[in-house]
Amino acid sequence: MANSSAVPVAYQAYTTAAVPDWLNKGDNAWQMTSATLVGLQSIPGLVILYGSIVKKKWAVNSAFMALYAFAAVVLCWVIWAYKMSFGEELLPFWGKAGPALGQKFLIKQAALPATEHHFHNGTVETAMASPYYPMASMVWFQCVFAAITLILLAGSLLGRMNIKAWMMFVPLWLTFSYTVGAFSLWGGGFLFHWGVIDYSGGYVIHLSSGIAGITAAYWVGPRSKVDRERFPPNNILLMLAGAGLLWMGWAGFNGGDPYSANIDSSMAVLNTNICAATSLLVWTWLDVIFFEKPSVIGAVQGMITGLVCITPGAGLVQGWAAIVMGILSGSVPWFTMMIVHKKWTLLQKIDDTLGVFHTHAVAGYLGGILTGLFAEPQLCALFLPVTNSRGGVYGGVGGVQILKQIVGGGFVIGWNIVVTSIICVVIRFIVPLRMPERELEIGDDAVHGEEAYALWGDGEKYDSTKHGFSSEDQTQHGKASIGATQVV
């Protein structure tokens with residue numbers, strides 16, 4: 001009886017096989033919750049945002065590109081890509097491919113085998129990352145990060161990419177680009193061991209999707225001339241709903257990356273919201289100052305740049321630094337999008353539909369460099385594998401940290417330009433990257449045979465063969481409606 005009472009009641013309710021000694025139920029619950037929040041950022045968050053922020057004729061296609069990418073990544077991830085990102089080392093920047101499907105693998109304690117960090121003399125500096133929950137939780141948590149990266153990348157290609165080419169692009173880019181960044185910075189690759197800081201994906205997710213997005217946009221080509229000249233959102237209120245899911249879901253995005261429900265997780269969530277709010281306000285103020293009107297779309301862009309900028313250092317900087325990062329993330333990407341983009345011929349030629357280069361690549365790289373400046377030593381000790389890490393403002397090795405951040409970001413940029421270009425060139429030998437002109441002119445109805453809204457007066461005439469009602473049916477339907485109205 002004495003031994004039984006020493007075991008917490010929650011751990012006596014089931015067999016020891018279902019609740020092993022290493023399982024921390026709180027950490028496991030938070031990790032699965034975080035994964036769900038990140039998943040909701042994509043499905044339905046970005047599906048709604050993309051379907052609403054584009055022209056009406058591209059609403060279905062844009063939403064579907066996001067939906068397809070999410071589903072395709074899930075399958076590729078568990079069959080081969082997870083272990084390429086977080087498994088045993090194959091190359092300094094790549095893990096060994098393999099499935100993550102069997103119960104023997106998925107129910108054992110989570111572990112990232114390549115993350116054990118050593119001093120120069122070979123002794124262990126930081127033990128291998130071994131969170132207190134099963135591999136299944138880790139696999140799913142990392143899966144939703146991979147999925148959202150492809151969906152963010154899609155934002156550069158909306159309104160003209162051949163859907164068949166996109167279906168091929170997703171697994172190829174996941175395999176040859178995303179897994180490299182993930183392993184190099186998170187899974188125990190050379191940038192991880194060198195000490196480059198990417199707390200939650202400023203480089204792995206945002207810098208890579210922004211650079212790959214604008215690179216793919218170059219190869220795919222622009223939208224139709226009419227769409228480039230006029231591309232109004234079809235539903236701003238619904239766009240705000242998608243943006244809201246994106247913002248609130250970032251609690252899981254940054255709060256889940258310590259792999260534990262610990263104090264660093266709490267810091268990350270608070271800093272995320274501080275930076276996002278500051279960035280949104282700064283972007284809005286700049287719109288008012290220079291254009292005399294606050295733009296709702298601009299506010300959403302500012303929100304996104306704030307979320308992106310804080311991501312590489314969310315749990316590593318103090319609250320005042322999060323405000324400074326928000327001020328810069330609301331102004332620097334605003335400047336590159338509103339001023340530099342309009343004056344730089346190269347950016348003018350490349351049709352980046354949603355400006356993913358500015359909102360994710362610029363903001364992500366900015367956040368990584370600012371993390372190298374503001375990373376606080378005590379917070380770094382809670383998370384990083386390299387002991388005594390710190391940002392530039394704290395002296396010591398902080399100046400070197402800024403250099404590491406610049407070089408790490410440079411690797412991500414270079415790899416994505418080269419690999420994304422190769423993937424696009426290979427695909428266009430099989431199918432065209434860009435839709436034919438007829439589909440570009442018509443939009444969703446030509447590509448999918450579906451339209452986003454069935455609104456009276458939008459130009460469509462009633463077609464009994466298409467809608468399935470005969471004229472007699474319509475007459476009877478009309479009489480029934482009048483009768484119902486009279487009764488009411």
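Each Cβ is built from the backbone N, Cα and C atoms, and glycine gets one as well.
Copied over from TrEMBL, here are the features:
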COMPBIAS  466-476  compositional bias 'Basic and acidic residues'
DOMAIN    29-453  domain 'Ammonium transporter AmtB-like'
REGION    466-488  region 'Disordered'
TRANSMEM  29-51  transmembrane segment
TRANSMEM  63-82  transmembrane segment
TRANSMEM  138-158  transmembrane segment
TRANSMEM  170-197  transmembrane segment
TRANSMEM  203-221  transmembrane segment
TRANSMEM  233-253  transmembrane segment
TRANSMEM  265-284  transmembrane segment
TRANSMEM  296-314  transmembrane segment
TRANSMEM  320-340  transmembrane segment
TRANSMEM  361-386  transmembrane segment
TRANSMEM  406-431  transmembrane segment
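A contact between the transmembrane segment (406-431) and the transmembrane segment (170-197) is present, since 3 or more of their C-beta pairs, 6 or more residues apart, lie under 8 Å. The recorded stretches the transmembrane segment (63-82) and the transmembrane segment (170-197) share 3+ CB pairs below 8 A when only pairs 6 or more apart in sequence are counted, and are therefore in contact. Taking residue pairs at least 6 apart in sequence, the transmembrane segment (320-340) and the transmembrane segment (265-284) share three or more C-beta contacts under 8 angstroms. Tertiary neighbourhood of the transmembrane segment (361-386): same-chain residues 115, 117, 125-126, 192-193, 195, 197-199, 202-203, 205-207, 209-211, 213-214, 258, 262-264, 267, 304-306, 308-313, 315-318, 321, 324-325, 328-329, 332-333, 336, 392-394, 398, 401-406, 408-409, 413, selected by CB-CB distance under 8 Å and a gap of 6+ residues from either end.
If one looks beyond the transmembrane segment (233-253) by at least 6 residues along the same chain, the residues whose Cβ comes under 8 Å of a Cβ in the stretch are 33-38, 40-41, 44-56, 59, 145, 200-201, 269, 272, 276, 296-297, 300, 303-304, 307, 311, 452-453. Cβ atoms under 8 Å from those of the transmembrane segment (296-314) belong to residues 49, 53, 197-203, 205-206, 233, 236, 239-240, 243, 246-247, 250, 253-254, 257, 267-269, 271-272, 274-284, 287, 321-322, 325-326, 328-330, 333-334, 337, 355, 358-360, 362-364, 366-368, 370-371, 374-375, 405 of the same chain, restricted to positions at least 6 beyond its ends.
Per-residue confidence over the domain 'Ammonium transporter AmtB-like' (29-453) averages out at a pLDDT of 95.
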